[in-house]
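Colleague: Dumping what Swiss-Prot says about this protein:
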- 1-17: compositional bias 'Polar residues' (COMPBIAS)
- 1-80: region 'Disordered' (REGION)
- 70-80: compositional bias 'Low complexity' (COMPBIAS)
- 199-220: coiled coil (COILED)
- 254-276: zinc finger (ZN_FING)
Amino acid sequence: MASNGSFSAQRNANARTTMKRRSDNRGYGGGIGGYQEETNRYAPPQKRFRSQAQQQFRSGHNPLYHHHGSNNNNVSRVSSQSYNNCGVDVIASNSSFALRNNDSNTNNYQKPFVAGYGNPNPQIVPLPLPYRKLDDNLSLDSLPDWVPNSRTLTPNYPVRSSNFVPNTPVFTNVQNPMNHSNMVSVVSQSMHQPIVLSKELTDLLSLLNNEKEKKTLEASNSDSLPVGLSFDNPSSLNVRHESVIKSLYSDMPRQCSSCGLRFKCQEEHSKHMDWHVRKNRSVKTTTRLGQQPKKSRGWLASASLWLCAATGGETVEVASFGGEMQKKKGKDEEPKQLMVPADEDQKNCALCVEPFEEFFSHEDDDWMYKDAVYLTKNGRIVHVKCMPEPRPAKDLREPSRVMSVTVPSVAKAIAC
């Protein structure tokens, strides 16, 4: 089998020096480099020489596509396999081929395999696609689609790059389908058309919208003003607002179950409940004895009270009644403490207007006023120390003297 020019040159260089065998070049699985060298059968036996650098392609020719680093014109070169075995420029950078990428750097292009670092299977070598450099002001949408044509990429005859014209059209300039007249009409028909409503339905929708806006306005007004300050809607004042009640009585958590009064602490609440007990007991006692309930006292002392205190009329009898009771019990015994049952209507003295000292008597099982007596039969309660002193009978004959002595004492008691 005859060999090509590339292999013959290599064979002549190694003539009479190396015996070529199949195992010397394992990269080739037969074919051009896989035969026994018969022309050098008389060569002396030599040591086994290092395997020669393998060609990138089996045919031994230059790669089909490669770049020339001498200039920066981004021109791809196609090696011709015809008669003269020389490469010609076929595709220029300004041609209208679509690119595989938009990388303007040609140094990153796939380089041929080097000896010792080559492809383990040199028979299958990927062939790169031609590419060119894009202009910066050229958008991708304006580029037409590329229809590949194998006959124009690898011609079997040399063609000059300046006069290169493909046999078949390479590009198909198709307009944007969205700009087509038929497409525009279809899109306009598919758009949402306005709905035509009747007059009655339009009036109903407007009425509903007005009511909704009115409710929204009322809600905003009610939220802006506190509860109870807006009188536009009287029905809202009759509604029990728990939040408002809690805010008013948040600092008074305790409430009386009988009258509804509220208190801040437990001590005040306990005193109030004791008052209810005494009040109920006094009412029962009055009902049992057939007495009329006592009326509330006036703010000021009456004229009869002033005259009674000035003359010392019946007050002497009341005081002497208490004194006689003490004398009957015996002189050796200590005098009994004067006290009267507590009355919620008379908490202060009728003369000095000072509060009475209240305590609970276990003997009488009731709340009592300490050091207090009845001033008159009407039930006026005064302090013992505020009672006027009894006068002798001769003093009653001199009213002027009595007035001069007793009136200042009454005025002094009231001033206290």
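Easy rule for this one: first residue shown is 1, then count along the chain.
Even glycines carry a Cβ here, placed using N, Cα and C.
Explain the structural surroundings of these features, please.
Modeller: Beyond the ends of the coiled coil (199-220), by six or more residues, the same chain brings 233 to within a C-beta distance below 8 angstroms of the stretch.
Distant neighbours of the zinc finger (254-276): 344, 367; these residues of the same chain sit at least 6 beyond its ends, with a Cβ under 8 Å from one of its Cβ atoms.
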Colleague: Calculate the per-residue pLDDT averaged over the coiled coil (199-220) and state the result as an integer.
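Modeller: Mean pLDDT for the coiled coil (199-220): 82.
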